[in-house]
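In what follows, a structure is listed as structure tokens, so that the remarks can point back to it.
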Amino acid sequence: MAAVAMTPNPVQTLQEEAVCAICLDYFTDPVSIGCGHNFCRVCVTQLWGGEDEEDRDELDREEEEEDGEEEEVEAVGAGAGWDTPMRDEDYEGDMEEEVEEEEEGVFWTSGMSRSSWDNMDYVWEEEDEEEDLDYYLGDMEEEDLRGEDEEDEEEVLEEVEEEDLDPVTPLPPPPAPRRCFTCPQCRKSFPRRSFRPNLQLANMVQVIRQMHPTPGRGSRVTDQGICPKHQEALKLFCEVDEEAICVVCRESRSHKQHSVVPLEEVVQEYKAKLQGHVEPLRKHLEAVQKMKAKEERRVTELKSQMKSELAAVASEFGRLTRFLAEEQAGLERRLREMHEAQLGRAGAAASRLAEQAAQLSRLLAEAQERSQQGGLRLLQDIKETFNRCEEVQLQPPEVWSPDPCQPHSHDFLTDAIVRKMSRMFCQAARVDLTLDPDTAHPALMLSPDRRGVRLAERRQEVADHPKRFSADCCVLGAQGFRSGRHYWEVEVGGRRGWAVGAARESTHHKEKVGPGGSSVGSGDASSSRHHHRRRRLHLPQQPLLQREVWCVGTNGKRYQAQSSTEQTLLSPSEKPRRFGVYLDYEAGRLGFYNAETLAHVHTFSAAFLGERVFPFFRVLSKGTRIKLCP
């Protein structure tokens, strides 16, 4: 199909061949020049006539320079006494000889300029056949004539010297340099301007004009473009200025000394260079498109992740807002009840004090009145009065003092809110765990309810299992997780040496894992001492990349977090005795918290790779115990 598409249109090609390369229109009175190319008679005449004008300007400048030199010579001759004028008869004799030489074929004279000969249009007739033959054979006869002209010139000069003794007589001007006429298409040069009519081409153009009145706009000439200065086809390319030019621009002074090649050759060369860049550019484009598609997918994923995270944040804060509102309402209700009870007690105490004050006021008035009396009236029932006064006792009111553990205290509120928030956030994800005995190291002993583990007094005889840890004292939880959020709490106790966390299902159970280096193997003294020394130096036995475990633990002195990609020393403000472990499978996060204060301890960014993740526990020394909290 490509070959068919590249086949030229015969009609279009025929139209192109009938177009003049100068005027870009159908031939009008076509003529052929010596190289075989055809042009309109008017076009080629005007083109070569324009070249004559440039040559004529140059000749005029040369004549002016020669006239100036002659005037200087005459001035010198006059100063030397050589002022004898040239005789008219001698000059006329010279002119006659020059006319005779012109008739013999000399192309330059003193009376007629060369341009007048050049401007004459030559039409090949029968009598010019012999002269044309000489031209195509190399113009040999013309060279012979030039030799004869030189001999005649020498004879004329000798006669002038004999007849005229004036040494400053001006000599005839030297012959002007022969100019060449150039074909606008192939750039072939000719010594003179000559062309012949092409009648067959004129007839063909008439037929083509009847078929198509105007030249095709899709022709090569139209594709080449038009020179904006000379209105001619741009068929050449200047390699110096790197621009397309026409045949007239080629002869101008701005491009005459430049390297010029046909435009079609440059087009083909540049096409080849462009084709060489096509394949690398195509590969680069494919690579960029792949990267662009990858980045677009990444942007889409990031946007989706951002939306989901924003929704999760909004949901969590919504829960938090509702929780705080509920807690606020409950605390306010309890505070009102407490204050109402306190107000009741205070009111009752005030009533009792008012009644006591009234009794004291009456007794005081009676005592004052009796003290004013005398005689028998004073002594009447005096003992009863004394008894009543002595029986009076001051009863201070009950003073209410706020209890720091009551709900209205700041510390109580903070503690209550923190604890309830922790329960709120962990309640939905909290799981009830048990330990898997098939994974427990033989040196470990599990509690009957499978919620606690410690080091046994001696190595136990247990059946070998593919999942059992044999190189380190570790055990996994019985429940594994492949998605979702999960929370569990672990209580640790004892002197030192424990680790809690999570592990992928593909963990190497036969290799040593966890922070602090290797663990107790068989439990003998040498192994224990060797293990203790390694723990102290924090030298892991196996490469971290083989562990697939994320855990937080201690060797009794330092807390550290260790995974397949990091080993970080921790400095918690308090030594946690109860750890909360929070697993977010989709987010790839495993967080550790102080379950008592909810203080953050450490968070891992993990890659679970679609595997199940199990709770992980490790015991390093006797007296250390780990217990799962319900």
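Just so you know, glycine gets a Cβ as well, placed from its N, Cα and C.
In Swiss-Prot, the entry for phosphothreonine among Thr84, Thr169 corresponds to Thr84. Between the listed residues Lys188, Lys256, Lys294, Swiss-Prot assigns SUMO2 cross-link to Lys256, with no corresponding entry for the rest in that record.
Mean pLDDT, taken over the coiled coil (264-373), works out to 88 on the 0 to 100 scale. Distance noted between the C-alpha atoms of His255 (Zn(2+) binding site) and Ser447 (phosphoserine) is 104 Å. Within 10 Å of the C-beta of Ser447 (phosphoserine) there are 14 other C-beta atoms, taking all protein chains into account. Of the recorded residues, Cys227 (Zn(2+) binding site) and Ser447 (phosphoserine) place their C-alpha atoms 102 Å from one another. Cα of Ser447 (phosphoserine) to Cα of Cys249 (Zn(2+) binding site): a span of 105 Å. Annotated Zn(2+) site Cys227, His230, Cys249, His255; additional same-chain residues within 8 Å of its Cβ mean position, judged by their own Cβ, are Lys229, Glu232, Leu234, Ile245, Cys246, Val247, Val248, Arg250, Ser252. Here the binding-site residues are Cys227, Cys249, and the one whose Cβ sees the fewest other Cβ atoms within 10 Å is Cys227.
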